[in-house]
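Summarising the annotation, TrEMBL assigns active site, charge relay system to His113, Asp159, Ser235. Among the features that TrEMBL reports, domain 'DNA/RNA non-specific endonuclease/pyrophosphatase/phosphodiesterase' is placed at 355-560. The annotation domain 'ENPP1-3/EXOG-like endonuclease/phosphodiesterase' is assigned in TrEMBL to 356-562. For His418, the entry in TrEMBL reads active site, proton acceptor. Marked as Mg(2+) binding site by TrEMBL: Asn452.
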Amino acid sequence: MLKGFNSEDISYEILEKAKENIEQQALERFLEEKSEEKNKHLPKEGTLFNSRDSIAMERILGKNDLFPISYLQIALNISKSVCRISIRDSRGVVVGYGTGFLVAPNIILTNNHVISSYEVASNSIAEFNYQDDENFMPCPTYNFRLNPQTFFITDIKLDFTLVALNENITNQKCLKDFGYLKMSQKEGTILPEEYVSIIQHPKGGPKSVTLRENKVSGLKENFIHYLTDTEPGSSGSPVFNDQWTLVALHHSGVPNPEIKDEWIANEGILISAIVNYLAKKYSSLKENEQVIIKEIVPDIELPKENNTTSNGNDDEPLGYNPLFLGKDYEIPLPTLSKEMEKDTAKTEDGNYVLDYIHFSIVMKKSRGLAYFTAVNIDGTDEVKIKRSADNWKFDPRISRDYQYGDEVYTGNELDRGHLVRRTDPNWGKNAIKANEDTFYFTNSTPQHKNLNQKTWVELENYIFRNAVLHQFKVSVFTGPVFREDDMIYRQKYQIPAEFWKVVVMIKEDGNISATAYLQTQKNMIENLEFAYGEYKTYQVPVRNIEKLTGLDFGNLSKFDPMANIEATGIVITGPESIKF
């Protein structure tokens, strides 16, 4: 299923197109794996497993299909946790099926292309015990609604979704009656040449099992390939080794590129890869979500994280510097009204200005977003830092309840928009730490993915490039416009529709220049999934920003080239349109 589509527009065609894309990616990985195998020597067995490990030796040497009868009993027991997922649109119409399975008492794991978004999850149902009995008669089925409000994490690249379930008081069974499968961070639970079994709902039908019919051909980074001469498995099914340990999440068949509707392999996502993803994501989750992660993987190993916001150097002060442009040009932080101050998120010592390297932030706690950010940009001392994988995290100095986290950005077309641009504070000897500081959730705001393109980015790039090119310093204030009628998203998050920026610099003649800009995304967020129409950036008087935000920028209007212009704003089509 495609990420970010409107749940009302789910269709069989959309599901099939998503499936085709995933199958093509699986084929490319499979062929790449086969190519690599031809060009390298296989590792010695001693590097794959401990020679003193009798179980591992049996896994390698045990080639016969003779198993104790308990093997089938274990399979029957763990199969209880596997469910059929009924994918439904907002009208309750079934548009597709997938498989999922419990990994905690009330959390299921499935594919992202099965449950791609918060909205799709809200409409869908998990059906347990959808199977035939020993007389080939249908068993009673127990239905549970998905509950993304409690827990929802998804990722397109690893093609997985974890989502909570609601208990159903009309059922004769509780979720705990079905048990759950344990996810492990441990690697090496499956090896090439071994066989895997899959419990699944093929084509949405009654629960079935393929026992040791898939031979592992190889592992490719986060993925596993297993050869088969049968139909591809059902998306979202659990994949097991011979010890019935959960080793992978099935997500695609590998199509035969030469013969249509034939399959040469299956592909799954290694469970260890999913757990590693959760470990990296852990610091960016709210406390209740972290508790759930610990329930899913009690022994999860988390990466060491530096949560400090101190640069460890007393010679360079933290935060925005009002005298940054020169001792004769003090530009203080904008002031808040008393009512606005009451709605700020404060640290334990009562401060509401959060200082980072070269920038500061004031948070509006009732909205979980910044009132404003303030950054100093030094074009004379730029340090270029290559962008690596984003690692967003909560600022531990204030409550997570006052910071929008991943629960807002998952499964939609909203980006974590940087208020302070990542590159802006990257100067001086503490540039690396400054770069890291821009990835606190306090510095993010929900922005439609298309907002970060065209004019707004051109404006930001223009400011930054000129600061570097002309070797001058700039102070920039940025924030959202909060309105009472801002769209309410996922029942409790209000999404700002407009953003502003005030830029202060010293011109060549020694005078201050203060310019203000307003960007709207209103016509984009009215329909988050399908955005149409243009969005525009305006240069506006500083006083207009004060009226819109309630902030007081002191005497900056005196230095605003737009101060005496009657128009409410001028459309910015490029750098040449800007008035300084």
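Glycine residues also receive a Cβ, built from the backbone N, Cα and C atoms like all the rest.
Keep in mind that what you see is a predicted model, and the values were worked out from it rather than measured.
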For this session: Taking only the Cα atoms, work out how far His113 (active site, charge relay system) lies from Asp159 (active site, charge relay system), in Å, as a whole number.
Result: 7
Problem set entry | Most Cβ neighbours inside 10 Å, all chains, among the active-site residues His113, His418 | His113
Exercise. What are the non-local neighbours of Asp159 (active site, charge relay system), defined as same-chain residues 6+ apart in sequence with CB under 8 A from its CB?
Worked result: Ile22, Asn111, Asn112, His113, Leu249, His251, Ser252, Ile269
Problem set entry | DSSP-derived class (H/G/I helix, E/B strand, else coil) of the residue listed as 'active site, proton acceptor' | strand
For this session: Count the Cβ atoms, other than its own, that fall within 10 Å of the Cβ of Ser235 (active site, charge relay system), considering every protein chain shown.
Result: 29
Problem set entry | Cα distance (Å, whole number) from Ser235 (active site, charge relay system) to His418 (active site, proton acceptor) | 35
